[in-house]
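A.B. asks: Before I ask anything, let me first share the structure, which is written out below as structure tokens.
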Ligand SMILES: CC(=O)N[C@@H]([C@@H](O)[C@H](O)[C@H](O)CO)[C@@H](O)CC(=O)C(=O)O
């Protein structure tokens with residue numbers, strides 16, 4: 001499908017609605033022979049909305065193996081998520097970051113043309129920006145290709161190695177990037193996160209946290225929501241944690257965080273990454289997510305059995 005064939009108009013998810021709450025980091029379904037499998041995305045959207053109560057999606061990010069996909073595959077996935085999300089999802093955010101600036105700009109223009117509700121960009125991580133100005137200049141050159149689309153910086157230093165503090169980055173950012181809307185903050189540095197929120201307010205920008213096992217700590221410093229892999233299959237439980245925190249019932253919120261942490265702590269010790277996320281999502285949802293793309297390798301049968309037994313053994317406060 002070319003962008004002009006799409007049945008959605010630009011920004012047609014839920015126009016103007018602020019990005020907050022839970023955002024599932026989309027897994028990219030693949031066929032057993034490693035091709036992207038667009039045919040299950042319709043089912044995937046319905047599963048997120050009906051079973052996980054999650055209505056926002058972040059496409060082609062880390063969990064979606066975006067940097068392991070071709071530009072053509074990334075465009076096809078973006079189009080399918082926008083098409084299938086129409087009238088069902090509130091936000092479809094497309095990650096358009098790439099090592100090559102022209103490729104990133106091409107993806108940004110494409111996301112705008114198909115009606116994505118936002119774009120996000122990771123810091124380039126082979127030749128890296130060495131300071132804030134170099135990073136902002138790169139981001140600005142991508143954002144300006146989609147001048148009507150909200151722009152998010154995707155901060156994930158454990159994977160990019162780019163450790164420029166977000167607090168510093170945000171200083172004056174709207175003058176350079178008028179579409180700047182917020183940060184997907186996938187780091188454990190809560191001091192940096194808290195300073196960002198303290199200086200800018202979560203009214204002006206959206207701050208979305210990306211370390212699912214410690215979301216409660218980020219809620220305490222004022223994030224608006226979270227983007228993460230576990231919201232694909234623990235979205236409903238995490239929403240109950242958000243509700244408990246808002247009530248406020250801190251003891252209940254802690255129970256949910258501890259149980260989510262108990263599962264993640266268990267699987268992290270076994271070796272947990274995108275391949276394992278695909279396996280967990282497959283057994284929880286019943287939707288085949290397929291293998292990861294090399295160099296990642298399939299989760300082992302032993303991992304799958306142990307992760308399933310662990311998840312089944314958890315007794316949640318809501319009695320499920
Ligand atoms: C390094 C990594 O993959 N982090 C995940 C987390 O959701 C992570 O899977 C979770 O906290 C478990 O460790 C997300 O931040 C990634 C993400 O949002 C994305 O796929 O774009």
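Here the Cβ of each residue, glycine as well, is placed from N, Cα and C on the backbone.
The annotation pyruvate binding site is assigned in TrEMBL to 63, 227. If you look up TrEMBL, you'll see 154 marked as active site, proton donor/acceptor. Per TrEMBL, active site, schiff-base intermediate with substrate is recorded for 184.
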A.B. asks: I'd like to know which of the recorded positions 63, 154, 227 sit within 10 A of the residue listed as 'active site, schiff-base intermediate with substrate' at the Cα level.
C.D. replies: 154, 227
A.B. asks: Do you know which of the recorded positions 63, 154, 227 end up with C-beta under 6 Å from ligand 1?
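C.D. replies: Once distances to ligand 1 are taken from each Cβ, 63, 227 fall under 6 Å.
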A.B. asks: Taking the Cα atoms as reference points, how far is residue 227 (pyruvate binding site) from the residue listed as 'active site, proton donor/acceptor' in Å?
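C.D. replies: That comes out at 10 Å between the alpha carbons.
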A.B. asks: Using the alpha carbons only, what distance in Å do you get between residue 154 (active site, proton donor/acceptor) and residue 63 (pyruvate binding site) once rounded?
C.D. replies: 13
A.B. asks: Determine, from DSSP, whether residue 63 (pyruvate binding site) sits in helix, strand or coil.
C.D. replies: coil
